Amino acid sequence: MSETVLSIRDLKVEFDVPSGRLPAVNGVSLDLRAGELLALVGESGSGKSALTMGLTGLNRGPRTHISGTADYRGTDLVAASRKQLQTIRGADIAVVFQDALAALNPVQRVGKQVAEMIRQHQKISRADALTKAQTLLGDVGIPNPQQSARAYPHQLSGGMRQRVMIAIALANDPGVLIADEPTTALDVTIQAQVLALLKRMQAEHGSAIVLITHDLGVVAEVADRIAVMYAGRIVEVGTRDEVLNSPQHPYTIGLLNSMPRIDGPRPRRLAAIKGSPLSGVKRPDGCAFAARCEFVHDACAERPELAQRTAEPDHLDACFLPAEAKSAALRAGAA
Amino acid sequence: MTTTTVAARQPPRRSLGGLPRMIALRLLTIPLVLWALATLVFVALRLLPGSPATSLAGGGSTDQSAAQLTANAAEISANLGLDKSLPQQYLIYLRDLVTGDFGSSYFGGNDVLGLIGNALPATIELTVAAMLIAVVLGGVTGLWAALRKDTWVDTTTRAAATVTFSLPWFALGVLGIVVFGVWLGWLPVIGRVPNQLSYQPLTNFVLVDAMLQDRPELIWPWIQHLILPASTLALSTAGFITRIVRASVLEVLGDDFVRTAQMKGLDENQVVRRHVLRNASLPIITVLGLQFGTLLGGSTVTETVFSYPGVGVLLVDAVLQRDYPVVQGAALAIALLFTLVNAAVDILYLVLDPRLGES
């Protein structure tokens with residue numbers, strides 16, 4: 001088992017909203033292992049982005065309340081001062097944002113934006129940083145890096161801009177790279193290229209990657225491990241094969257069943273999870289998914305903890321139901 | 001596959017090719033604007049009731065008969081060429097203008113170019129000084145308010161900006177004179193340079209002349225005389241700039257690339273200096289160009305209040321006397337200044353924002 005770079009315990013991220021305090025992340029515990037690609041899956045509003053922004057402190061502010069711990073190689077990111085976070089950000093934890101056009105400064109040449117990331121954390125001359133930036137741009141697959149470094153973001157295509165963003169994020173070989181839906185704004189062929197690039201960079205730079213996505217197709221392709229989030233909590237986590245092949249939580253099962261499959265008979269209509277996700281400030285005491293769950297029973301009034309409930313030591317889930325009942329449901333859904 | 005897309009979008013040729021052409025096109029519009037303005041002023045002056053001939057014929061004496069007055073006026077009209085039809089007068093005016101002949105004052109016969117040459121530098125000094133004060137004051141307070149949004153700093157700054165923005169120049173000017181000139185006696189309230197310094201204008205820009213003539217003792221009194229009128233003129237514009245800067249900075253602070261800058265590990269100062277200011281300056285600069293026009297308009301009032309010998313005073317006096325050549329010349333001079341400043345603003349904008357200058 002490889003070492004753990006980031007150890008999150010009972011992390012909560014809450015936002016003040018007019019109706020009260022919204023628990024966007026409601027007690028998450030998760031270990032990120034060095035060099036792995038962990039996919040964080042969940043629907044909109046499940047707290048994926050709030051979790052990762054909470055880790056980097058990018059959503060800190062008077063209306064945000066963060067508690068719990070997030071241990072990055074001996075530093076607790078939650079308790080860290082603003083100054084400490086500034087030295088960690090960019091050097092140890094970097095983020096690839098969803099919309100690269102908006103995430104890049106429109107009036108600065110892209111080479112300079114990569115070089116800025118290098119110079120912020122390394123003692124290096126302006127010229128050397130720019131040369132290094134050009135090398136990085138070449139590494140992420142941008143043609144004519146010398147020339148492209150002089151381009152402004154609007155002069156590059158969407159895929160190229162996301163490559164620039166990845167070059168920026170990887171400039172200092174961070175231990176953790178958070179990719180926040182990096183392919184959502186791109187068309188399908190470019191998506192595949194960017195994912196392949198992330199996978200290659202994971203190997204070359206040795207960064208652990210947290211890939212935030214709601215696209216299970218993406219997950220199946222590149223993830224080493226998968227964590228499924230629902231209503232601010234992780235409901236299931238395991239290796240890719242464990243989660244995709246023997247999902248334990250009814251929500252994961254529902255997600256997988258709602259995916260159209262190329263093999264097998266064509267369903268008349270796509271299976272959907274009934275009901276809608278929790279959105280208000282009020283959360284039930286018990287299982288948050290209970291209201292939508294077809295297996296709901298009395299035990300669900302109590303909150304199920306994320307724990308090992310199968311024979312696999314790495315495969316954790318937060319559902320009281322015995323595995324047999326669920327695998328029957330999975331077969332029924334797939335048929 | 002992506003290689004071809006990118007190759008077709010390579011930047012240097014596209015971005016650099018369009019810029020000089022766009023600047024040239026922008027400069028070409030200046031003569032057109034000036035011609036339109038000259039025409040407008042020409043027509044407007046002649047629509048005003050009263051003619052220079054009657055005010056000249058009156059000549060101050062009251063014992064002339066009505067018939068005498070009319071006869072005198074007719075003779076003066078003929079001498080000045082005002083008896084010709086309007087289209088004829090217009091053509092003559094344009095012909096003279098093209099050859100650089102701005103005419104001479106009906107009252108005293110001074111060459112119009114000479115009058116403007118004396119007055120315009122004073123007005124430029126006043127408006128530029130006012131602009132500097134307004135930009136520094138408005139910029140600093142606007143940025144401060146934006147970075148401390150929703151705190152007492154923000155609220156106070158915004159309230160103060162609204163108040164100064166709403167104050168009329170003449171009220172501010174008179175208030176300044178009373179408080180700083182009369183009660184406190186800190187600052188001079190009249191003119192540009194004290195007479196006893198016997199300033200001999202060369203370029204009529206005091207700062208330039210002080211250097212050319214090696215007379216550094218001119219500079220401090222000149223600044224002292226400039227402080228009150230320039231501040232009077234600047235204050236309302238400063239209030240306006242405060243609001244624009246605040247709004248503009250707040251908008252940019254919400255942009256995703258600011259979060260990227262924070263993700264890189266930049267501190268607040270670095271984020272503001274390297275990423276926010278330039279992006280926020282784009283809309284601000286346009287507003288500054290337009291505000292320069294407001295300052296020029298306000299300078300007529302301010303110059304009058306402070307007896308400051310600029311184009312504004314020249315223009316006001318000439319309008320009251322129906323001194324056509326001086327009004328036309330002064331209006332044209334002010335318009336030229338305004339269009340040049342705005343052309344400079346547009347060009348600056350093209351240079352500052354790489355997204356323009358291409359399409």
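Each residue, glycine too, has its Cβ placed from N, Cα and C.
Beyond the ends of the transmembrane segment (B:23-45), by six or more residues, the same chain brings 89-90, 93-94, 97, 322, 324, 327-328, 331-332, 335-336, 339-340, 343, 346-347, 350 to within a C-beta distance below 8 angstroms of the stretch. Residues or ranges marked as transmembrane segment in TrEMBL: B:23-45 (among others).
Taken from TrEMBL, the feature domain 'ABC transmembrane type-1' applies to B:120-349.
Marked as transmembrane segment by TrEMBL: B:126-147 (among others).
Per TrEMBL, the feature transmembrane segment maps to B:159-186 (among others).
Away from its own ends, the transmembrane segment (B:219-241) comes close to residues 125-127, 129-135, 137-139, 141-142, 160-169, 172-173, 176-177, 180-181, 187-189, 191-194, 197, 206-207, 210, 284, 287-288, 291, 294-295, 298-299, 302-303, 305-306, 308 of its chain (Cβ-Cβ under 8 Å, at least six residues beyond either end). The transmembrane segment annotation in TrEMBL covers B:219-241 (among others).
The transmembrane segment annotation in TrEMBL covers B:282-306 (among others).
Per TrEMBL, the feature transmembrane segment maps to B:326-352 (among others).
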For the transmembrane segment (B:159-186), distant same-chain residues with Cβ under 8 A (at least six beyond the ends): 138, 141-142, 228-229, 231-233, 235-236, 238-240, 242-243, 298, 301-302, 305-306
